[in-house]
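One structure is given below, encoded as structure tokens.
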Ligand SMILES: Nc1ncnc2c1ncn2[C@@H]1O[C@H](COP(=O)(O)OP(=O)(O)OP(=O)(O)O)[C@@H](O)[C@H]1O
Ligand SMILES: C[C@@](O)(CCO)CC(=O)[O-]
Ligand SMILES: [Mg+2]
């Protein structure tokens, strides 16, 4: 068995605008998806997504990728759930030049689904790494990022940037502008995440922004303005000491830009009443700044606050389902084979 994990992410700045070539700065966070892969003798793919619940369904499905899986839930739900795994399997088969390889796959994840923390990218990145290694092929994190991007691009109907998948594969803070992806130095920022328990459909939200942008010049300009906010944020980060604790001035500057970024996303129609509520709760809890993260529509906000005040404010906000601090994940995709061996050994010894 081959096991890999990959982190989710928050956007410090730039989601949505990054789809149209503006720069963005996502940061990988210590919430991971873990994918275990066993090669099969036939060409079937069986997927167990243990903690996948969509609208209250726990889904376990099996079948070859081109047949309908045999489960007692609406096909559309299963197809939505299968899409990213299928795409990862196809990328692994292609990378190993083994078009008929079959797998048993288990997905476990502590990243809430569709909530702006990049669960899809983490599953695809970890899935491609585990499945290719199971077929005896070692890809570099950059190659995995590239294949994971192609997988997300396909599932999201051609509407995806390289940001989520690159951050998940490489880890740390990254900067993405079109095809130009690089890791950047950043201090350990005090991220606080608030989760409203909801989710948004990335494909639909991206399509909504695309339509606004094509209809109104001012919407196109709003997208460009997000790019300006990101460029300003980057220049501030570039001057910060990556090894030091972020000082008040830095947090104030970055927080102010996060607030501005959230306002522009709101204007583009991708926030929601509950996300706005959490953003305002964080700000009144003394956060330096707060914004939605990821595609929006529902899900998570990210705030900057080294003190416990924002966490407390969010905890007492109606509609806030979960609050947690998120450390920057300095490691991107990684092998968990040793952890798996350790668990098997423990099991045998019991
Ligand atoms: N644990 C999991 N098991 C199986 N599939 C998962 C799992 N986590 C995520 N996925 C897949 O990813 C989809 C959610 O991806 P989507 O892009 O909509 O949201 P996200 O990546 O969490 O948020 P964002 O893209 O805004 O950061 C799920 O519908 C499912 O197909
Ligand atoms: C909304 C978006 O910018 C981020 C989703 O996490 C889409 C993408 O970059 O593919
Ligand atoms: Mg996603």
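Using N, Cα and C of the backbone, Cβ positions are placed for all residues, glycine too.
Across the domain 'Galactokinase N-terminal' (3-37), mean pLDDT in this model comes to 97. The domain 'Galactokinase N-terminal' annotation in TrEMBL covers 3-37.
Look at TrEMBL and you will find 84-172 tagged as domain 'GHMP kinase N-terminal'.
Under the DSSP three-state reduction, residue 112 (ATP binding site) is assigned to coil, being neither helix nor strand. Within 10 Å of the Cβ of residue 112 (ATP binding site) there are 21 other Cβ atoms, across all protein chains. Annotation comment: TrEMBL describes 112, 113, 114, 115, 116, 117, 118, 119, 120, 121, 122 as ATP binding site.
Secondary structure at residue 164 (active site, proton acceptor), taken from DSSP and collapsed to helix, strand or coil, is helix. If you look up TrEMBL, you'll see 164 marked as active site, proton acceptor.
Secondary structure by DSSP for the domain 'GHMP kinase C-terminal' (251-310): 31 helix, 9 strand, 20 coil. Summarising the annotation, TrEMBL assigns domain 'GHMP kinase C-terminal' to 251-310.
Per TrEMBL, region 'Disordered' is recorded for 329-350.
Secondary structure at residue 120 (ATP binding site), as computed by DSSP, is helix. Broken down with DSSP, the domain 'GHMP kinase N-terminal' (84-172) shows 52 helix, 8 strand, 29 coil. The DSSP breakdown of the domain 'Galactokinase N-terminal' (3-37) into helical (H, G, I), extended (E, B) and coil residues amounts to 4 helix, 25 strand, 6 coil.
Selection of the recorded positions 112, 114, 120, 122, 164 by a Cβ distance under 6 Å from ligand 2 yields, in sequence order, 164. Listed binding-site residues: 114, 116, 118. The one with the lowest count of other Cβ atoms within 10 Å of its Cβ is 114.
In sequence order, 8, 111, 294, 299 are the same-chain residues whose CB sits within 8 A of the CB centroid of 112, 113, 114, 115, 116, 117, 118, 119, 120, 121, 122, the residues recorded for ATP being left out.
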